[in-house]
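Take a look at the structure set out below.
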């Protein structure tokens, strides 16, 4: 289903982002995790978020208004090895400043590649979000690239690792940008949160 999705603008500092009262959902993940493809699949708008075979394409905070009811924030990926250290530090600071200070931020969706065991950089992001009291959910991408058995194996690994530090696990979604699997569940979840906020 094609949604009414419009690009607002790109920003290199959260303080430059417009003050918006609508609930905002941030999407973040390692470079090349399939974030842009998922955003396009989620909204049904093919080129809403620019995709690239080269990691590190997203370098700014990109805001979109969705159905005129909520805001989608496409954040720079982390773990891009070819970026200079100064660039990685700059992106990291920009993203963390946004996540800590954006007043209408409702939930962070942390995207992880379903083909990989828990990675240090992903776990560091999760720990940072939790320690700063920022609500987040996990989105496992590219489940179409492997068997259900392998996906479940990776999911079990994540559950085990997270259970070692947290009693309550974050909500998890299994998605495929190719087939669209998981996008309906994700949109339903966002809609439920929006209704709770409205009430």
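Backbone N, Cα and C atoms are what each Cβ position is placed from, and that goes for glycine too.
Residues or ranges marked as domain 'EngB-type G' in Swiss-Prot: 21-196. Positions annotated as GTP binding site by Swiss-Prot, on the basis of sequence analysis: 29-36, 56-60, 74-77, 141-144, 175-177. Annotation comment: Swiss-Prot describes 36, 58 as Mg(2+) binding site, evidence class sequence analysis.
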Chain-internal residues, separated by at least six, CB under 8 A from residue 142 (GTP binding site): 34, 113, 114, 115, 176, 177
Pairwise CA distance, residue 76 (GTP binding site) versus residue 36 (Mg(2+) binding site), rounded so that it is a whole Å: 10
Residue among binding-site residues 29, 60, 175 with Cα closest to the Cα of residue 36 (Mg(2+) binding site): 29
For residue 29 (GTP binding site), the three-state class that DSSP assigns: strand
Densest Cβ neighbourhood among 32, 36, 175 (binding-site residues), 10 Å radius: 175
Chain-internal residues, separated by at least six, CB under 8 A from residue 29 (GTP binding site): 35, 77, 78, 110, 111, 112, 122, 139, 141
DSSP-derived class (H/G/I helix, E/B strand, else coil) of residue 142 (GTP binding site): coil
Cβ contacts of residue 60 (GTP binding site) (under 8 Å, same chain, 6 or more positions away): 10, 11, 12, 76
